[in-house]
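A.B. asks: Take a look at what Swiss-Prot says about it:
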- TYR90: phosphotyrosine (MOD_RES)
- TYR612: phosphotyrosine (MOD_RES)
- TYR662: phosphotyrosine (MOD_RES)
- 57-181: region 'Actin-severing' (REGION)
- 128-131: region 'Actin-actin interfilament contact point' (REGION)
- 451-792: region 'Actin-binding, Ca-sensitive' (REGION)
- 78-131: repeat 'Gelsolin-like 1' (REPEAT)
- 203-243: repeat 'Gelsolin-like 2' (REPEAT)
- 322-365: repeat 'Gelsolin-like 3' (REPEAT)
- 474-524: repeat 'Gelsolin-like 4' (REPEAT)
- 689-730: repeat 'Gelsolin-like 6' (REPEAT)
- 1-28: signal peptide (SIGNAL)
Amino acid sequence: MDASGAATMAVLSSLLVFLALSSSLCSAGTLNARPAFPVQSGEIQPSGQNSKQAARRVMHPSFANAGRTPGLEIWRIENFEPVIYPKTNYGKFYTGDSFIVLNTIENKKDKKLSWDVHFWLGLETSTDEAGAAAILTVQLDDLLNGGPVQHREVQDHESQLFLSYFKNGIRYEQGGVGTGFKHVETNAQGETRLFQVKGKRNVRVRQVNLSVSSMNTGDCFILDAGSDIYVYVGSQAKRVEKLKAISAANQIRDQDHNGRARVQIVDDFSTDADKQHFFDVLGSGSADQVPDESTADEDSAFERTDAAAVSLYKVSDASGKLKVDIIGQKPLTQAMLDTRECFILDTGSGIFVWVGKGATQKEKTDAMAKAQEFLRTKKYPAWTQIHRIVEGSESAPFKQYFDTWRDAGMSHSRLIRSALGIGSDELLNDDEIDSVVTQLKKSGGRAFGFMPDHGQNVIETITQYVAKPGSDEIVVSTVPFDEKLPLLGFASYVLTYNYEANNGDTGSLTYVWHGVKASAAARKRAFEEGLVGSKDGLLVQTNQGHEPRHFYKIFKGKLLTSFTALPVTAQLFRIRGTVESDVHASEVAADSSSLASSDAFVLHSGKSHKIYIWNGLGASAFEKQAAVDRFSDYWDDVELEQVEEGAEPDEFWEELNGEGQYDRSLGDDGAPLLESRLFHCHLSSGGFLKVEEVAQYEQEDLDSDDIMLLDAGDEIYLWVGYGVSEEENGKLLDTAKLYFNLEPTARSFDTVSIIRVPQGKEPRVFKRMFPNWDDNYWQNQPSYEDMKQLVIDANNEV
C-alpha cells in the first residue's frame, strides 16, 4: 500500500466510531418540506476565514464545483476517493460499490439553492468503501455549509426521493471496484443476462437467475443477449409497466452497448415462433411455463404498521450523562418539543431525530447514536429508516404525528393557494394569510381548500335515504330545498350541483351527506346511488359536523342540520360562519358540556316558547348577528332573548341539565394544516393496504392505470385513472378506510371529506395542488404502440 493509501486507512481507523454511527442512518425518503438554504444560484458562501470551522474544513478536489447549479451529480468511491461518475451511466449502480449522489434544487422565485445528498451502499460494498462514502458525504455537506439534508441509501431499500431522480429506473449490476467481480464490458458478447423490472413510477431493474423460474406473468423482463436485447412483457403487466420496461431496455442498449444493440419486444401480439425464440435464448422454458403473477406484492411499496404505538422520547445530557426518557405517546402536541433539547420520535415503522436549535453540541452529536441504540433495543431491521430533522425544517411526514402544529409563517403553499385562490406567481403575505386561515379553520367549514366555485348556483336535486325503524329497508324520497327544512341526522342524502368557476371551469358535483345517526344501510345505499349517478363528475362523501366549506356555500348560508324532524325536547345549535353565504347551524347535544366560549349558540327551549341566543366570549360579532338573523323567525310564536356568557339566567341552565364544565378556551387550533402529499395505494393479494408516497410529486406521477390518493388534510382526493376497473372503482371507500386505519394523525374516516376525481375531470382546486398542470398532458404521452414503433425505428438504424 502506498503512502496515500496508508494515510487514508489511518483516517478511516480514527473515524471508526463515526462510521459506526453513520452506517445506521437510514434514508429519510419523504422529507419534501424544508426551507431552502439562503445561497444565491451559483454561489457558495464560505464561513469566515478566521473561524475554527473554516480552519478544519477539508474539500476534496472532485467536489470543487459541487452544488453550484441545479441538477444531479454522482461520484463513485474508488480506492476511498470520490470519482466523478459519467452522466451516461446515471441510474446504473454496482452491487460492490458505494456512491454519493447530490441533487441541487433551485427555488424558481428567489433562486435560492437547496440540496439533498445521499450516500448509496451496494449490498457487496466493502466496509472501508462504505466508511469512505459516509466521511466524504460529511465533507460535501460541510462544503455546502451544512445546508443539505443527508440520506443513507441501501440497495433494495432506497428512499422514494432517491428513486425519483432516475426516470428510467435504477439498475443493479454485479461488480465493483473493491470486489472480485468485474464490471460488464461494453457490448460484451456471449454473456446473457436476465433482468426483472419492478415498479411503475420509480423502477428497480434487478439481475435475476437466467431461468424461466425467475419470471412471472405480472412483471416485465429484459434479456440482454449482447447484440439483441429482448423485452418480455408479462401477460398481466399494465401499460405503464410496459413503457417503463422499454425505457429501461433502451437505457441498457445505450449504456452497455453504445446504442449498437437491437431491442426486441415479445408480448401477446408476438408470434409463437418469436415467443419460443426468446426462451431458446434464455436457455429454458416456454411461454406456458412462466409462473403466475407473484403474490409477494413487492412492487416498490411500503406498508405502514402500528401507528398507535407512536412515542416521543427526550435525549438529554443535563445530568452530565446522556439518557433517553419517554415523555409522551399519542396524542402528541408540538408543545412537547423543547428548542433546547433533542428528541426521538418512534413511529413504529421508522425513527425521526428532532434537533432543537438550542440543543447542546453533545446532544446534537449523540442523538443519532441513541437512535441507533434504540433500533437495537427495539430489534428493528438494520435498514430501518432514520430521519434527522432540524427545528424549523420539519417535514409533512414528521408533523403528521402531532395533533396540532403551527409553523412560523406559511410553508403550505399548495394548500393555501388552492384555498384562497392565489395564483402560483403571486407572493404570499404570511401575516395576512395566517389571519385568514385561522378564521377559516374555525368557522368557515372543513376542507376549505375544496372550492370548485363560490356556490352561486342552485342545488339541482336532494334525495333522502332513511331506514325504516327496526329494518334495513330504505325509504328513498326527493325533498325540496327549503331554508326551514333541516338535513336530518338519522338520514343520508345525495345532492347534485353543477359548478361554474370564474375561469370557465365547469362540471357536475355530487355530494353524499351522512347524518351522525344514519344507519349503515342508508349510508351504503346513498353512496352506491351517488357513485352511479355521478358518472364522470366529482363525488364527495362527507359527514355531519365535518362538511367542506363549499357544501355550506351551496346552501347560501341557510344550512341547518338537526338530530330530529320535530323537536320534542330542548335543542341546541352551534352557529358558525365567516360570511353570509357560509353560515351554518349544527345541532349538538342539549347539555351544558356542548357549549364553547369561542362560539355562538342558539337554544330552543323545550319548556317555553323562547329562544336563547348565547354569545360566547370568543364568538365573532358576525356570528352573534348571524344567530339572530337565522333564528329570529325560524319558529313561529317564540320570544328571542340574547344571553352573554357569564350572565345566564337559571332557566337557561335548567334546559341544559344544569350548569357544568365546558370548553372555555378562546382559540380553536383544529387539525394541523399539512402540506398535501400524494400516495399510490393498492390492496395486496393478502388484503393488506400498500402505501407508497410519491416524493416531490408532479402531474406525471398520476398513473392512469391506478387510483392515486392525494391527502390534503381535511379532504382526501381519490384520483381515478382511465384504466381503473369498475370493481376497483366500487371499492373507493374501502381504500380510504384502510388508509385511515394505517395513517398516524388524529383524523378518521368520519372526520374528513372523501372526494373522487375522475381522470380528465380534475377541478381547478385539484390542479392547483400540483407545481404545474397541463390539460393536454395525457393526450401528448406516447402510447405503448407508439413506443414499439420507436423501437423498430431505432433498430433500423443499428
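For all residues, glycine too, the Cβ spot is worked out from N, Cα and C.
I'm curious about the neighbourhood of these features; can you describe it?
C.D. replies: Sequence-distant neighbours of TYR90 (phosphotyrosine) (same chain, six or more apart, CB under 8 Å from its CB) are LEU72, ILE74, PHE166, listed in sequence order.
The secondary structure of TYR612 (phosphotyrosine), as reduced to three states from DSSP, is extended strand. Counting every protein chain shown, the number of other Cβ atoms lying within 10 Å of the Cβ of TYR612 (phosphotyrosine) is 24.
In the three-state DSSP scheme, TYR662 (phosphotyrosine) falls into the coil class.
Look at the repeat 'Gelsolin-like 1' (78-131): DSSP puts its residues at 8 helix, 27 strand, 19 coil.
Note on the repeat 'Gelsolin-like 2' (203-243): mean pLDDT across this stretch is 92.
In the repeat 'Gelsolin-like 3' (322-365), helix, strand and coil residues by DSSP number 8 helix, 18 strand, 18 coil.
Here the repeat 'Gelsolin-like 6' (689-730) has, by DSSP, the following mix of helix, strand and coil residues: 7 helix, 17 strand, 18 coil.
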A.B. asks: For the repeat 'Gelsolin-like 2' (203-243), which stretch among 322-365, 474-524, 689-730 has the most Cβ pairs under 8 A?
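C.D. replies: The stretch with the most contacts is 689-730.
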A.B. asks: Below 8 Å Cβ to Cβ and six or more residues apart, same chain only. Which residues does that give for TYR662 (phosphotyrosine)?
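C.D. replies: Looking at Cβ-Cβ distances below 8 Å from TYR662 (phosphotyrosine), excluding near sequence neighbours, one finds SER592, SER593, SER594, LEU595, ALA596, SER597.
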A.B. asks: Let's see if you can do this one: DSSP helix, strand and coil counts over the repeat 'Gelsolin-like 2' (203-243), in that order.
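C.D. replies: Going through the repeat 'Gelsolin-like 2' (203-243) residue by residue, I get 8 helix, 16 strand, 17 coil.
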A.B. asks: Within the repeat 'Gelsolin-like 4' (474-524), count helix residues (DSSP H, G, I), strand residues (E, B) and coil residues, in that order.
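C.D. replies: Once the DSSP states are binned, the repeat 'Gelsolin-like 4' (474-524) shows 5 helix, 25 strand, 21 coil.
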